[in-house]
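Q: The structure follows.
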Amino acid sequence: MNIRNARPEDLMNMQHCNLLCLPENYQMKYYFYHGLSWPQLSYIAEDENGKIVGYVLAKMEEDPDDVPHGHITSLAVKRSHRRLGLAQKLMDQASRAMIENFNAKYVSLHVRKSNRAALHLYSNTLNFQISEVEPKYYADGEDAYAMKRDLTQMADELRRHLELKEKGRHVVLGAIENKVESKGNSPPSSGEACREEKGLAAEDSGGDSKDLSEVSETTESTDVKDSSEASDSAS
């Protein structure tokens, strides 16, 4: 099972999933409105064959008088794939994206008063709180619970995770820098010392300097080749 960000080509299959699972249905343009306006916030669950078995359709509320907050427009999981934790994972992923992309402080939704399974998920698992009852919210006249989930704790956890990740990155970089500095301060290898001695000998000699230079160049070339081969075999 895979959960990923919804793409434009997923929207028609999301609508099909909605029609199978929920009485609250939307025109295709409403899915495109979400997908194009807030592409980071909607997610789908797909099976091993890449078939969509669940989705969450989410957006940010555009209220200048309130703190930044998101809204879950629709959540659905096909009956064949329920009780696998997909709804919770979809909701958490959408909430996390709201925090990371828009600094959301809370997320809201509406749910039918008669939908006990959804109420249990929202209240007991996802820590949503009922904020008010909206009479006759649905087309058939049923009341809705307006619910909110505070995202402060999730935001703090994400922040700590990023801090630990950044700290770990600095530790790795520090170790690399120390290793480079240690290598730079180490004494020359036996091969390098040998080449230096031969170079000095060539400078001190008179008429034989040309021959010694040729010998030195030949030896240096051989040393480099041998060193390369040893390195390859060691790796």
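Cβ coordinates are placed from backbone N, Cα and C, and glycine is handled just like the others.
Here's the feature list from Swiss-Prot:
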MOD_RES   Met1  N-acetylmethionine
DOMAIN    1-152  domain 'N-acetyltransferase'
MOD_RES   Lys136  N6-acetyllysine
REGION    178-235  region 'Disordered'
MOD_RES   Ser182  phosphoserine
MOD_RES   Ser186  phosphoserine
COMPBIAS  193-213  compositional bias 'Basic and acidic residues'
MOD_RES   Ser205  phosphoserine
MOD_RES   Ser209  phosphoserine
MOD_RES   Ser213  phosphoserine
MOD_RES   Ser216  phosphoserine
Q: In Å, rounded, how far does the Cα of Met1 (N-acetylmethionine) sit from the Cα of Lys136 (N6-acetyllysine)?
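A: It is 37 Å, counting Cα to Cα.
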Q: In whole Å, note down how far the CA of Ser182 (phosphoserine) lies from the CA of Lys136 (N6-acetyllysine).
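A: Between the alpha carbons of Lys136 (N6-acetyllysine) and Ser182 (phosphoserine) there are 74 Å.
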Q: By a simple count, how many Cβ atoms lie within 10 Å of the Cβ of Lys136 (N6-acetyllysine), its own Cβ left out?
A: 10
Q: According to DSSP, which of helix, strand or coil covers Ser182 (phosphoserine)?
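A: In three-state terms, Ser182 (phosphoserine) counts as helix.
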